[in-house]
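Contents: one structure, followed by commentary.
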Amino acid sequence: MDAVLEPFLRREPPGPVRTVLRLGAAELLLLGTPAHAAVGSAVDLVPKPFAGLVNAVLRRVAEAGPAALAGLEAERLDTPAWLWSAWHAAYGPAVRDIAAAHRQEAPLDLSLAPGAAPPEGGEALPTGSHRYPAGTRVTELAGFAEGGFWVQDAAAALPAQLLAARPGERVADLCAAPGGKTAQLAAAGAAVTAVERDPKRAARLQENLTRLRLPAELVVADALRWEPGGAAFDAILLDAPCTATGTIRRHPDVPHLKRPKDVGAAAGLQRELLAAAARLLAPGGRLVLATCSLQPEEGEAHLAAAAALGLALDPVRPEELPGLAGAITAEGAVRTRPNLWPDRGGMDGFFMARFRKARFHKE
Ligand SMILES: C[S@@+](CC[C@H](N)C(=O)[O-])C[C@H]1O[C@@H](n2cnc3c(N)ncnc32)[C@H](O)[C@@H]1O
C-alpha cells in the first residue's frame with residue numbers, strides 16, 4: 001500500500017496518518033469498499049489538520065482504481081529486503097515463488113486421531129494429512145468436540161512421522177505446546193513426556209490432549225535445565241522455538257516483527273537446545289530436530305553442530321515422504337517451503353533432520 005500511496009504524497013505524513021492512509025487504500029483497492037465510505041471513515045480517523053490531506057490522497061487512489069496496483073512488484077514489496085536477500089541466497093529465483101505463496105491464504109490441514117474418519121469435504125494428502133479450503137472453521141467440522149482430529153499444517157506433521165515412535169518407547173517432546181506433535185507421538189502409542197516452558201501454553205497443550213483423549217506426561221520446565229531422572233529417552237523430538245519465517249502465510253505480521261538479529265539469537269538457542277536434547281537421549285537413540293523457519297542458520301547450519309555432539313544424520317528416504325521426495329536435501333535432511341505443492345495450496349516452510357546418537361561418544 002505504501003507503493004500505491006507514494007505518487008500521491010509530497011512529504012512523509014506522521015506515522016498514524018500513514019497507517020490510516022494504508023487502511024483506506026486497502027479498503028478501496030482490495031476490499032471493494034465504496035469510495036465514499038472508505039474515504040469518509042479514513043477522514044474521521046485522523047486529527048483535523050490532516051483531514052484534507054487524507055481526503056485528497058484517498059480520492060486520487062479511488063480515481064486510479066485497480067490501475068494503482070498494476071505493475072507493482074507485489075511479492076517483492078511485501079517482503080522486507082533482508083528477508084528477500086536471505087531467501088535469494090538460500091533458494092535462488094524460487095524466492096519469488098516463496099513470496100508469491102505468502103500472498104495466498106493457507107488451507108486448513110488436519111491430522112486424524114487413531115481410527116477417526118476425516119470430516120467431509122477435504123482432500124487426503126499423500127503424506128497423510130487432510131486438507132480443507134482456506135477459511136474453514138475447525139470447530140464447525142463434524143467430529144471436533146469428539147477429538148477426532150487436530151489442526152496441523154501438512155509440513156508440521158512430518159517431524160513426528162520421521163521420528164516414527166513405536167508403542168511403549170520412551171519419547172520426549174521438548175518444546176511441546178500447543179501439542180500437535182505430542183498428539184502424534186501419543187497416537188503412535190509411545191510413552192510421551194511433553195516438556196514446555198510456558199505455563200499458559202502448557203495449559204493449552206493439556207486442554208488439547210484432553211479433547212483428543214491422548215495420554216502424555218506434561219512437564220512445565222525449561223528444556224535447557226530439565227533433569228528428568230530415570231532412564232534416558234529412546235527418541236526425542238525437538239521442535240525448537242524459531243523466527244517462524246516458514247509460517248508467514250498464517251502469520252503475515254512475522255516479516256514486519258522480525259529483525260535480522262533475531263535469526264542469530266534463535267539459532268543460538270536452538271544449538272543450546274540441541275545439545276540439551278543430545279544429553280537426554282540414550283546411546284543409539286533417535287532425535288528429530290525441526291524449526292518452522294526458512295532461514296538456513298536455523299536449519300541446514302545445525303547439521304555441523306549436531307555432528308559435533310555425536311549425532312549422526314540418519315538420511316530421510318524418498319519412500320518416507322510420498323509426493324514430497326523433492327523436499328529431501330542432498331544430505332538427507334528435509335526442507336519444505338510455502339511454494340511446494342502449489343496446486344494444492346502449499347505448505348509451511350520447515351527444516352527437519354533426523355539423527356542417531358552414537359553408542360560411544362567422547363564429550
Ligand atoms: C515451535 S513451538 C512448538 C510447537 C509444538 N511442538 C507443536 O507441534 O504444537 C515452540 C515451543 O517451545 C517452547 N519453548 C521455548 N523455549 C523452551 C525451553 N527452553 N524449554 C521448553 N520449552 C520451550 C515455547 O514456549 C513454544 O511453546
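These residue numbers are counts, starting from 1, taken along the chain as shown.
Glycine is treated like the rest: Cβ placed from N, Cα and C.
Those TrEMBL annotations? Automatic predictions, nothing curated.
As annotated by TrEMBL, domain 'SAM-dependent MTase RsmB/NOP-type' applies to 83-358.
Cβ environment of Cys175 (S-adenosyl-L-methionine binding site): Val195, Glu196, Arg197, Ala223, Leu238, Asp239, Ala240, Pro241, Leu273 lie under 8 Å away, each six or more residues apart in the same chain. Residues or ranges marked as S-adenosyl-L-methionine binding site by TrEMBL: Cys175, Ala176, Ala177, Pro178, Gly179, Gly180, Lys181, Glu196, Asp222, Asp239.
With a cut-off of 8 Å between CB atoms and residues at least 6 apart in sequence, the same chain places Ala155, Ala156, Cys242, Ala244, Gly246, Thr247, Asp348, Gly349, Phe350 near Cys292 (active site, nucleophile), listed in sequence order. Annotated active site, nucleophile per TrEMBL: Cys292, in sequence order.
In this structure, Lys181 (S-adenosyl-L-methionine binding site) is part of a helix by DSSP. Ranking the binding-site residues Ala177, Gly179, Lys181, Asp222 by how many other Cβ atoms lie within 10 angstroms of each Cβ puts Asp222 at the bottom.
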